[in-house]
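The transmembrane segment annotation in Swiss-Prot covers 25-45, 54-74, 117-137, 167-189, 244-264, 281-301 and rests on sequence analysis.
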Amino acid sequence: MTSLTNSLNPAQTLAPASNGDVADFFALLKPRVMALVVFTALVGMTVSPSHVNPVIGAVSLLMIAVGAGASGCLNMWWDADIDAVMTRTRSRPIPAGRIRPEEALTFGLVLAVGSVLMLGLAANWLAAGLLAFTIVFYTVIYSMWLKRATAQNIVIGGAAGALPPMIGQAVVTGSVGIEGIILFLIIFIWTPPHFWALALVKSADYAKAGIPMMPNVAGPDSTRRQIVGYTLLLAPLGLAPVALGFGGLIYGLVALLGGLAMLVLSLQVHRRREGESADKAAMSLFGFSILYLFLLFSALLAEQGLGLMRPIPVLLG
């Protein structure tokens, strides 16, 4: 693969370690990612056809959050060498020398094992098994293998980030139904255009670290075409909950308008290929994609959790 990545030695690239404070250990958990995981898991629980005891639900969400944090921590432990090279990550606790790698490894493993065991005891072992699979997939399959080996890294690795709704549904029902699967697919297809939009702007940073992101391997033009292709899949897929009966009028409007906006922004990325306008188009898509996913899942949460569900008469005949 990349000689640069393989030649990086954490002992050589990381600053001398000192004692980290609580904020540094919390930063290892990637709190923004953790919040998104909890949110999508909550939606997975909410759209399930049955209900769960509120205490069990709250404990389960906490354990899902801890498991997600463990994944982030183990990812930062493994990626400390390349984090030290990339501009946007060099201030993270390990490359900045505030936390030693072995401290992060121990912290991550304890959280991973503890979260899985507690989720199994609080809810059920299917949910715990899915959480364990998510942690292993993100840490071993994505972080340790795919991220440095293939331009399809975030496509395949995106499965880890798409699993929380299925875990949430498993907490409630002890199984995984069509609702959890559809939400998984929405996040899975959303992931490539979201990350590749950022990669178009940060391609030099990724190249410096030796990470084979799509723009660096297939080129920016191919990446732009693939962004449009995935968005063409995402827009109609976002309407699937309406067709399957667990998304109503509010959700349908959000999915329709949001999907159209995603298409418009992806086409702008495809057209604007040089200079500042190209970067602006890519960052606009990147930023809106976050809002799109948030609004999509918020609409489901509002309809199912707050009783705002209004079926679309046309689809009901």
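Quick reminder: no glycine exception, Cβ is built from N, Cα and C everywhere.
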- Query: Which sequence positions outside the transmembrane segment (167-189), separated from its termini by at least 6 residues, show Cβ-Cβ distances below 8 Å to it?
  - Reply: 40-52, 56-57, 60-61, 64, 119, 123-124, 126-127, 130-131, 134, 158-159, 161, 230, 233-234, 237-238, 240-241, 244, 246, 293, 296-297
- Query: For the transmembrane segment (117-137), what are the same-chain contacts with Cβ under 8 Å, counting residues 6+ beyond its ends?
  - Reply: 52, 56, 59-60, 63-64, 66-68, 70-71, 74, 157, 159-160, 163-164, 166-167, 170-171, 174-176
- Note on the structure: Tertiary contacts of the transmembrane segment (54-74), defined by C-beta under 8 angstroms and 6+ residue spacing from its ends, are 28-31, 33-34, 37-38, 41-42, 45, 104-105, 107-109, 111-112, 114-116, 118-119, 122-123, 127, 131, 134-135, 138-139, 143, 160, 164, 167-168, 171-172
- Message: Cβ under 8 Å, sequence separation of at least 6 from the ends of the transmembrane segment (281-301): give me the contacting residues as numbers and ranges.
- Response: 39-40, 42-43, 46-47, 183, 186-187, 190, 193-194, 197-198, 200-201, 227, 238, 241, 246-247, 250-251, 254-255, 258-259, 261-262, 265-266, 268-269, 271-272
